[in-house]
Amino acid sequence: MDALLPRSSPQLKFYLNGTPISLTSPHPRWTLLDFIRSQDGLKGTKLGCGEGGCGALSGKHVITIEGLGTVDHPHPLQERIAQLHGSQCGFCTPGIVMSLYAMIRNAYDPVTGKFQLSADDIESKGHLDGNLCRCTGYKPILNAARTFIEDDLGSVPSIVESELVGTEEETESDMGAHSGSGDTGSRSSGSCGRPGGCCKDSPGISSCSSRETDMTTPSLPDSPVLKQYDFIPYTPTTELIYPPGLAKFVPELLCYGDAEQAWVKPRSVQEALEILSQCPSATLVTGASEVQVDVRFKDFRPSVSVFVGDITEMTGISWSEDMKTLYIGGSASLSDIEAECLRCIPLLKAVNLGSESVLSAIARTLRYFAGRQIRNAACLAGNIATASPISDMNPLLLAVGATVHARTSAEETTIPMSEMFKGYRKTALPSGSLITKIAVPMPSKDQIEIVNAYKQAKRKDDDIAIVTAAFRVRIAPGPDYTVQEASLAFGGMAPTTVLAHKTASALEGKRWGDEAVLDIVLTSLGEEFNLPYSVPGGMATYRRTLTLSLFVRFWNYVNQKLGLEYDSDLIEEIHRGISTGTRDDDNPHAQRVVGQQIPHLSGLKHATGEAEYVDDMPPLHRELHGALVLSERAHAKILSVNWTPALERGAVGYVDHTSLPEEKNHWGPVVHDEPVFAKGEVHAHGQPIGLVYADDAMTAQIAAKAVIVTYEDLPAILTIDEAIEARSFFNYGKELRRGAPPEEIRKELDDCEYTLSGTTKIGGQEHFYLETNAAIAVPHTEDGSMDVWSSTQNTMETQDFLSQVTNVPRHKINARVRRMGGAFGGKESRSVPIACIVAVAAKKARRPVRIMLNRDEDMMTSGQRHPVQCRWKVGFNREGKLLVLDADTYNNAGYSVDMSAAVMDRCLTHIENCYYIPNVWLRGWVCKTNTHSNTAFRGFGAPQAMYITESIISAVAEKVGIDVDEIRRRNLYQVGQRTPFNQVLDEDWHVPLLLEQVREEADYDARKKEIERFNSEHRWRKRGIALIPTKFGISFATALHLNQASAAVRVYTDGSVLLNHGGTEMGQGLYTKMVQVAAQELRVPVDQVYTQDTSSYQTANASPTAASSGSDLNGMAIKHACDQINERLRPYREKYGEDADLGTIAKAAYRDRVNLSAAGYYKMPTIGYEWGNYSENVKPMYFYFTQRQGVACTEVELDLLTGTHTVLRADLKMDIGRSINPAIDYGQIEGAFVQGQGLFTMEESLWTRSGQLATRGPGTYKIPGFADIPQVFNSSKGIGEPPLFMGSSVLFALRDALSHARRERGVSEPLVLDSPATVERLRLAVGDDLVHRAQVQRKDGEQGFFVAVA
């Protein structure tokens, strides 16, 4: 490389939002994200997972969210996302906006001046499969995107017209929240004001072509429902996409770096080979999507990185003259390959069906390869060279006989794919070689050659494979359909991608279509892939089943092509349709402001990237960055900690348990049993040992990884079963009982006509808020006070423990939070130690200290929803009437109590759900294990409890042979009956009515009959439906002291209002709702009321924003304050008239020395339950159940061959009384449903045997995406935690589908379906012959690779 250095340049030149950038020797470890966020005013681009990479930017134009628009001058897309309620917490919104922007701009045809965009393009082409949102349920985002569909491609779908709702009254001036609307004429003329530049600032430059076209999208099609939305028209030709300076850009050989790492960007293959000849171990990158994961999670540090993504010789895609070979450049993007295949399929279909088969297989495989952003950057050569055993593309390349062309400085070699893989992550590529192209042969047009490829993952879109397969078969012409040649390739079945040689040989020479031949193949595959129970990656039986199932799918596919008998269910995978749905927007209680569908007050800030989260705050003078040192053992003694290597790598200092007194080193929301810093012993993988701090975040991370900790391992308990066996419990000891006393409950069971016993398990759930835990501690050396910004739901607890660890009185600690990028309970307590740790560091360093956890750090340290196991016995009669329930319920607390006891409280009090059982004895156990400490999560133990009940109901229905809906109906609570904790269900108990309403409105009975018909006609596709009720108690249950709130309202003499309260904004729209309350009470527009942030200085002793009580508590406190002010202003309203504005009234009152500020306070009345008090006079535990009851009706379709499913329709109905803001409440119910859908079907947390969390990033832990939401999504109002359990209706609908399948196959054993109902569990529960063939027996002492801790 020395010879190249004199010819190289260290300058990286590109454009950023229209501005030329020239960087000299940038940091070689920087990603594009690192650079963008280091620039002033460019914080809209967020760190979501840290698993992507940037490649190189030389000669590119980078557009960020700030380059599209601002709050004052938003891009039409940004405005529509905000106005149509497409954001809640807003952290994901900039990324989603940019993905939509790319889709919309690419859909623009400069020749016709039209947007070639349809609903199918938006939902089915993968444009959004790399984006995740945890809050909204995706529906409003899709609605906003659909407003760009033009009339000539079909009008905006009816879903938009039915959901972009409102009344003309909402556009009046007192609805100031509609700040995005305005005079569209003035806003679309002249410069658009975009920071990235506008073409009207530079006349004559067109963004798409030299042809000037003034094309704008209509605001929306004419519709009386939509006329209130005066959206900004979209004029794409006003956007500067290609800066003129790029036309003059001359590529240079780029080389920069430091003593540890160099980054090189050659211009040609020859330059790349010269580099490799001198540095044969250099790391080649194009998208860096694989390398960056190793850098982030495996501490991989390439000494030389060579970017080959812009070498023209390697990015092309071409055909041989005879069209018999497709040549794919090694660096050609996967998106380009997909596009080329789609372009050629119709051209070749008429002349060469074999070629069409190959190209279709490639295109289909690439469609579900990662996400769109990855496909735009990643290349095929990288896929081959990394040699992943679960590669999507390698089995297909192997099956079709592709060859790899590789060059070194000395020679060019051609390697057949069949000889490429030599071992796990090892290839036959020569040292220092470069893959220049891949040759994909096409079948001869006179041959009958059929190819297809398959992939099975936990989720359809953007997921790594469990098993991949590709099959090719050549059939001899003639009526016998003799197999001349076969190739069967699999990924996920061995350390490398492999060919099933034995099976292929057994197939060759046989007659295709003969069922006996199919049996031979299946037997041979079972022998060839005989996985052990302990196979790395786990799922041994499921993976073996898939090898058989996927071949059966191919067998039927070939039969169809040959005109033989086939089953269509076995050919096509489940494909979802375009999503639709309705909302019931009748709101008879709407007032002038309260009850109106006002957009989230920060919606435009979210959509433009201007919303500021903790880590977006500008850097402070002399600020330091922290990085945690975490335990790498589940349970061990700490023998020594050597901090010296960290200091040598650039750390300024560190803190650990020696940095604060022993008595200050323990915290906990209830019991102070958790060390802030581990001392002497660690009790979980990921437990904080210390923190190093440095001048920048990257140095801090490197230094933290350099710390050497020596351990002595101790036995670890991971699962609930292990905790029960070891009697490892925290002190809890609570129970609930009704009817027969405990000593007689067993006799009552024996006296029942029927009894059943069982064990029900439900796994945990990662919060997966998009903004990880973050905090900034700012010490004030003058007086010892401290400001701490934290992403927390709980300013009071944060303040309390900050005071403890810094030894500073609470009145000198100001805990502050402006907004969170999601929380869901996960930042009620687990944010506290993060703030405490940086505060200790800030006090020691006497400088501000900042931290934002990486995704894996956050997942390892922050805890999850509690895994729960219930061991139950139930007694009932032949009519299915429940009589007795005797149950032990266990939750996995982790290594500290945190809020696990309170979670168990709610679990026990919701375990009967909506059903009256006269005799119950319920006991709770809180298990102590060596996993991270589990914590609050939306629902707080109730979803797990209600799932147990519904599982019991299903088991009872199966036992007595009565329809499960009838069993539910017969056991429903009636008005006047009492819960096991003696709370009366009064006249507001509406669940029986809601069930009947949903049954009628969802056309349930007719659909159930149609499902019976469908299932009778489809052996390998089954549909199911479920109608699930729920109730949820509102209040902080037995933490009575938390059921209070205070607020401060200050009126200024111009009529503006400052509002402070203790509630925190995490995306649930609390700030918006509270502003509405104040605006309603003080009779002002919402834009006259301002809430800056939540601060312990402004609102002392604030209860956490949790338990679905934020609006109830804080809203009433605000009303109390406003009532006081209104009473003081009453004489002035009488004097000046009811129509007088608040400014006039306030000014007059001020001159009369009237106090224009008030402190409000509210405590929730009537509650105060005492555990163990079974008298009928005991105070209620919950303030109410009414207005938070709900019913969900969900229909699914299940592919029995793979376990994949789709949600065909969901109808949700909740009684929430008088909604403050229906639009926000809709977002809550739909988002909660999708989150619940994830809990019960997809989100599976797994640990390694050593106690390390295996699912600690989006690559291994999957939450629902855009393609997972119900295809028809109908909802009525809801809010907060209660709607989450409605997501269980998906699982019970799947259970219904499985029941049909099992009855058809004669499976008589009771169906046990633990949660989550993953593709693995669903497939294996079918109980068919393929599963029996593939069954892997567990040998004595053999353990599974992963551990599920429920």
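Each Cβ is built from the backbone N, Cα and C atoms, and glycine gets one as well.
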Need one residue: from Gln793, Gln974, Gln1076, the one Swiss-Prot lists with Phe824, Arg938, Ala1107 for Mo-molybdopterin. Gln793
Roughly how many Å separate the Cα of Cys49 ([2Fe-2S] cluster 1 binding site) from that of Cys379 (FAD binding site), to the nearest whole number? 21
Quick check for the class: what is the C-alpha distance, in angstrom and rounded, between Phe824 (Mo-molybdopterin binding site) and Lys455 (FAD binding site)? 33
Please report the three-state DSSP label of Asn383 (FAD binding site). helix
So of all those binding-site residues, Thr286, Gln793, Arg906, which one's Cα sits nearest to Cys135 ([2Fe-2S] cluster 2 binding site)? Gln793
Cβ packing number for Lys455 (FAD binding site), 10 Å threshold: 28
Which of the binding-site residues listed here (Cys89, Cys133, Gln793, Glu828, Arg938) have a Cα atom within 10 Å of the Cα of Leu284 (FAD binding site)? none
Quick one: what's DSSP say for Arg906 (substrate binding site), helix, strand or coil? helix
Spatially closest candidate among Cys89, Cys92, Gln793, Glu828, Ala1107, the listed binding-site residues, to Ala288 (FAD binding site) (Cα to Cα): Cys92
Residue among the binding-site residues Glu290, Glu828 whose Cβ has the most other Cβ atoms within 10 Å: Glu828
The binding-site residues listed are Cys89, Cys92, Cys379, Ala381, Arg906; by CA-CA distance, the one closest to Gln793 (Mo-molybdopterin binding site) is Cys89
Where Ala1107 (Mo-molybdopterin binding site) and Glu828 (substrate binding site) are concerned, what is their Cα separation in Å, rounded? 10
